[in-house]
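Chemist: The structure is given below, and queries will be raised subsequently.
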Amino acid sequence: MTVTIVYPPRERLANLPTPLQPLDRITERFSKPYGGPRIWVKRDDLTESAMSGNKLRKLEFIVAEARRSGADTLITCGGEQSNHCRATALAAAKCGLRAHVLLRQSRPKSKVSDPPDGNLLVDYLAGAKVSLYPLQEYLSRLPELFQEWEQHYLQQGSKALSIPTGGSDGLGVWGYIAGVEELIEDCRREGFSPEHLVCASGSGGTQAGMTLGCQLLGEDAQVTGYAVCDDEGYFVNKVCEDVSDWYRRYPELVPKGFVFNKDPVKVVDEYIGPGYAIATDEIYRAIAMLAQQEGLLLDPVYTGKAFYGMLQDIEKGRYADSDNLVFVHTGGQFGVFPQRDGFKNSWGD
Ligand SMILES: *Cc1c(COP(=O)(O)O)cnc(C)c1O
């Protein structure tokens with residue numbers, strides 16, 4: 001049975017479909033010995049070169065909503081090295097919109113006057129307005145900060161659309177409903193149905209979109225999110241909230257009688273390490289290993305942690321029941337460079 005998903009307006013920004021590639025050397029070495037599946041990678045790091053990664057899929061729907069509602073400014077938030085803010089800054093520039101990013105300052109005082117690096121550098125290059133807030137103020141006042149800036153733009157005769165962390169809500173979730181529809185189609189072309197889909201979870205929208213998309217399509221691929229912050233309970237709840245928000249916003253697009261099942265929302269929270277955006281030697285080494293074995297570059301904040309965790313779980317037999325697993329490479333490579341010091345022990349002579 002083919003199901004037709006009806007989508008809201010969408011601004012085409014990403015180069016789609018992104019490639020689906022087998023990782024045969026990794027499969028031979030890290031999966032076959034444990035009776036694990038063939039590992040594939042969905043190259044969503046290639047959605048665009050500088051706007052790269054998973055956030056661009058969400059932004060296709062977010063930008064379209066900005067246009068529909070007459071907004072000329074996108075306000076969003078995240079860490080100083082936020083991939084989402086960088087992608088928003090560039091997407092706004094491409095679409096002739098203004099971007100304003102509210103960032104949680106993370107550099108120590110001694111480094112705040114250093115030239116910006118990684119994603120932060122790109123935010124400035126893209127002409128985004130950058131407001132940096134100390135951790136405490138960011139955590140305690142974020143909703144007010146959004147309100148104050150929205151008010152500011154209204155007074156200037158502009159209109160801003162506020163986008164939550166990671167673009168994850170009932171609007172952004174469309175990105176990975178469409179993303180997983182594309183992925184299932186890629187797999188079909190390669191002659192298989194994936195039993196497992198794996199991604200990194202940071203704000204939950206990618207996992208929410210993929211899980212919801214599979215259910216809308218009647219596919220029973222199991223989506224597993226590897227948390228890079230917060231715990232399992234948080235993400236299960238966050239995924240369900242994004243789906244509820246989707247129901248609320250799009251009553252006319254939800255298929256009649258469709259009921260989201262929360263049981264398949266699976267989150268692994270054992271590989272976060274010391275905290276968000278803080279990696280360990282194992283993660284840095286896993287990134288170097290994958291670059292050496294497959295020419296594939298992961299990042300230390302999201303994909304490196306998720307991929308490392310997935311390999312550990314394959315070894316423990318978590319995926320032993322299956323033939324094909326797809327790891328969704330959500331991007332983030334600009335995050336490698338600001339963490340250059342961490343890679344000191346990651347390769348030999
Ligand atoms: C934001 C991000 C994620 C997490 O996606 P969410 O939808 O926020 O859970 C994963 N990988 C990269 C590289 C990201 O930038």
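Placed from the backbone N, Cα and C atoms, the Cβ positions cover glycine too.
Bear in mind that TrEMBL entries carry predicted annotations, made automatically and left uncurated.
It should be emphasised that the depicted structure is a prediction, and the values quoted were computed from it without experimental measurement.
Features from TrEMBL:
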| type | residues | note |
| --- | --- | --- |
| DOMAIN | 14-331 | domain 'Tryptophan synthase beta chain-like PALP' |
| MOD_RES | LYS55 | N6-(pyridoxal phosphate)lysine |
| ACT_SITE | SER82 | active site, nucleophile |
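Let's see these features in context: how buried, what's close, how far.
Modeler: Looking only at the domain 'Tryptophan synthase beta chain-like PALP' (14-331), the predicted model's pLDDT averages out at 97.
Of all Cβ atoms in the shown protein chains, 34 besides its own fall within 10 Å of the Cβ of LYS55 (N6-(pyridoxal phosphate)lysine).
DSSP gives SER82 (active site, nucleophile) a coil state; it is part of no helix or strand. SER82 (active site, nucleophile) is surrounded by 28 other CB atoms, counting those within 10 A of its CB over all protein chains shown.
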